[in-house]
Amino acid sequence: IDLEWAISINRCMLKIVGLWPQESKDQHEELLLKLQFLLNIIMLIFVLAIPALVSLIRVWGDMILMIDNLQYTLPLLITMLKVFIMWYKQEVNIILIYLIYYTDLEWAISLNRCMLKIIGLWPKESKIQCEELLSKIRFLFNVIMLIFVLTIPALMSLIKVWGDMILMIDNLQYTLPLLITMLKVFIMWYNKGALSPLIDMIVKDWIKVKMEEERIVMLKQARITRSLAICGALMILSTLLITFGSFLFGKTLRHVTNFTDPVGKHLPIQTYYPHDISNSPNFELTYLIQVIGLTTSGLSYTAVDNFLGLLILHICGQMENLYLRLLNLGKNSNFKELLKHNVKDHIRLIRSIETIDNTFNLMLLGLLFFFGILFCFDGFLIISVSKNNSIAYIILLRSTVDIRLLYY
């Protein structure tokens, strides 16, 4: 349910009597609310409650007239109590309103946070020691799977097939994404301290007092962020399903070689392990570990990009909100204070952009080289073996996977 639709009637009724807990940034509007509250108190106490009590004293002793009077006087006294409680507990009520804004925050960042927490890369440290320990264990597990189960065996396989261009390209189509994923994981882990204040900034921007137009802009950017997160997760999932589904149907997306693959038993990616995987249950266990490793590495690949998208789109939304506030700057009498606030906000956003740039520029440079090399390999395969139908089928499927990664 949209926040505006959910609270608009209640807010309107409380603003009429000057009891809406959230203070307005507009001084004229805030003064008007105080005047409305004062008028409400004067009417309630001096026009209704006190005259009704005086009337009650005058009819004291006549039970019928007393009951008739109290039918109006008691509701007036209860109303006075309600008004006093609402006025006296304004700070508590403001916190409750912020909880409503907090639902918007949860909706905006929950997917990105969930994906990063699964692999132990969410920058914000938990205050609960057990939860923080579990996060470190998940991160360690992810790193072990990525390095020792996938990347190192893939590089060893690359060394064994060195000299055969087709097999080398087939290997690098998996090894390069694994190396890029390692780079992303390292960057996120190394810059946790720098990224944590950005999370605090996002939280404060969502729960602070803002115009409805500003909230609409932030929700628009959050929808794009969620869409990217969902699309990224679906693309990684579809890539995994294609890879493992083809194995179940007797197909493979890579070249099979006697250098690294046991006869009749092919792992999802071209790897070399020092132990014998041709016998059961070694092969089944190795296959299962590779499935788990590819799942965690795929999640790492997309989660870091999603987080970068979250930061960039949030900054874009705040820049647009700053523009809206500057447009309305002349309509407010407190011009200097608002201008000072907007200048500080602009400086804050510029510093956030610098932090994002310093954190992720190396990752973006690596992605630029990665996709350039990857599509050069695909082009070489298409030119070299376009007449071979079986290999052309492999190239078609591999190119589809690469395009999905690039599109994301």
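Including glycine, each Cβ sits where the backbone N, Cα and C put it.
Automatic, uncurated: that is what TrEMBL annotation is.
Straight from TrEMBL, the features:
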- 37-57: transmembrane segment (TRANSMEM)
- 69-88: transmembrane segment (TRANSMEM)
- 94-116: transmembrane segment (TRANSMEM)
- 137-159: transmembrane segment (TRANSMEM)
- 171-191: transmembrane segment (TRANSMEM)
- 228-249: transmembrane segment (TRANSMEM)
- 287-316: transmembrane segment (TRANSMEM)
- 360-384: transmembrane segment (TRANSMEM)
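Here the transmembrane segment (228-249) does not lie next to the transmembrane segment (171-191) in space: the count of CB pairs under 8 Å, restricted to residues six or more apart, is fewer than 3. With a cut-off of 8 Å between Cβ atoms, the residues of this chain six or more beyond the transmembrane segment (171-191) that come close are 116, 119, 121, 123, 139, 142-143, 146-147, 150-151, 154-155, 157-158, 161, 254, 269-270, 297, 300-301, 304-305, 307, 359-360, 362-363, 366-367, 370, 373-374, 377, 398, 402, 405.
Long-range contacts of the transmembrane segment (287-316) within the same chain: residues 109, 111-112, 115-116, 118-119, 121, 141-142, 145-146, 149-150, 177-178, 180-181, 184-185, 187-188, 198, 202, 205, 218, 221-222, 224-225, 228-229, 232-233, 235-237, 239-240, 243-244, 267-269, 271, 349, 352-353, 356, 360, 363, 408, each at least 6 residues beyond the stretch ends and with a Cβ under 8 Å from a Cβ of the stretch.
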